[in-house]
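Features of the protein shown, as given by TrEMBL:
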DOMAIN    20-102  domain 'G-protein coupled receptors family 2 profile 1'
DOMAIN    110-382  domain 'G-protein coupled receptors family 2 profile 2'
TRANSMEM  116-135  transmembrane segment
TRANSMEM  147-166  transmembrane segment
TRANSMEM  196-215  transmembrane segment
TRANSMEM  222-244  transmembrane segment
TRANSMEM  264-287  transmembrane segment
TRANSMEM  308-328  transmembrane segment
Amino acid sequence: MADHHGDQDVEAITAQRRLDCYQNVSQATPPSAVFCPVLFDGWSCWPVTEAGMTANQSCPDFIPGFERANTVSYKCEQDGSWYFHEAYNKTWVNYTSCVNTADLSFRTIVVSIHCFGYGVSLIALLVSLALLFHFKSLRCVRILIHMNLFASFALNNCLWLLWYYVVFDETAILISNEIWCIALHRVLYTGLISNYSWMLCEGLYLHTVLVWAFIQQSSLYWWMNVVGWGVPLLTTLIYVPVRAWLGEGDELDMCWMRDFRYDFIQQIPVAATVGLFLINIVRVVVLKLRRGPANEPSGGASRSTLQALRATLLLVPLLGLNFLLTPFRPQGGPPWEYVYEIVSAITMSFQVGTLRGGFSFFNPESGRFQGLCVAVLFCFCNGEVQAQIKRKWRAARFRSKRANSCTMTTVSFVRTSGPQNGEDKV
């Protein structure tokens, strides 16, 4: 899928081509009594064509993945109407001949990298959740917030895998624009927004433990859930009816993947989340540096505060490091564009997933390994989790050695208590 700026360029080009196409209608001379009129199909302008003939022209050069050197054709039927596709229930031009097969194969590889990243991340997140559920001694508000963050990432990765395998390559599904496809797309983006809202909760928790040291933890966790899951749901509940009622033309097609003029409804909460999160991190770090250890009640920051600060600081690179590659995108086409796409697919996969196709501020093609990154930083590298795993491992080894010791003792006892040499055996 093209990025947002690419979509804007295509829209501007097609708008101009449409205008030029119909301005030349009056100049067209019908070749016979029965003919097909001038038609702009959204990409190309088809001239007046005699019935029974086929019009040919070069493929559009502004569509990513199309080869201009190839030719596309459109048949004018005997009754003077352009070819009508029964399955799509509309006049339709077959642009498959324009597809650059080499580029298509490369894009397939990139998509495979993305899907692999989602799969690895999903496994890592599920393992992390299983560990945190298993070790009940770790249950505190900070760990519960981590678990909700893991759950939001796992939901997002699962939905993206479902989207790729069910919808992504199915043009017929996108064109049919069924309700379930629109619903899947909206649920997918709701899950994606929840990633940001739970990262905001990580920052809010740090702020809270520093400012209100004696706040009730159960009440705090309840409000974290309101922010973490409530903000994405509220955003979706506002966005869906606005788009359903005010959307026009292409904005309501293709499972709502096209840009919408009121996309800021989704952009504002996430942009505010990122802004508030980063501002709060900087504020907290500056506050800690100014106060210093001498001003802490116990001569230093509490252990839980330091853990919360470290965990929250770990999220900073996840919020936007992927955008460092954006200014360096090559414009000359292959092979440097291919190199960029591969490097981008790998490096951006470790960052937070962002929204494309309706979000100018975000890019969903990143974030493939985001869940893996969060799981490694917050769970697998967590000292408390590692300590619990080591304790369980030592306990399991001790039980194993004790069982072996008991077995050896039993065998020895049986041997020593058996019949001695020279004694009668019963």
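The backbone N, Cα and C atoms fix where each Cβ goes, and this holds for glycine too.
Under 8 Å from some Cβ of the transmembrane segment (116-135) lie the Cβ atoms of residues 143, 146-147, 150-151, 153-154, 157-158, 160-161, 164, 345, 349, 368-376, 378-380, 385, 388-389, all in the same chain and six or more residues away from its ends. Confidence over the domain 'G-protein coupled receptors family 2 profile 2' (110-382), given as mean pLDDT on the 0 to 100 scale, stands at 76. Per DSSP, the secondary structure of the domain 'G-protein coupled receptors family 2 profile 1' (20-102) breaks down as 12 helix, 26 strand, 45 coil.
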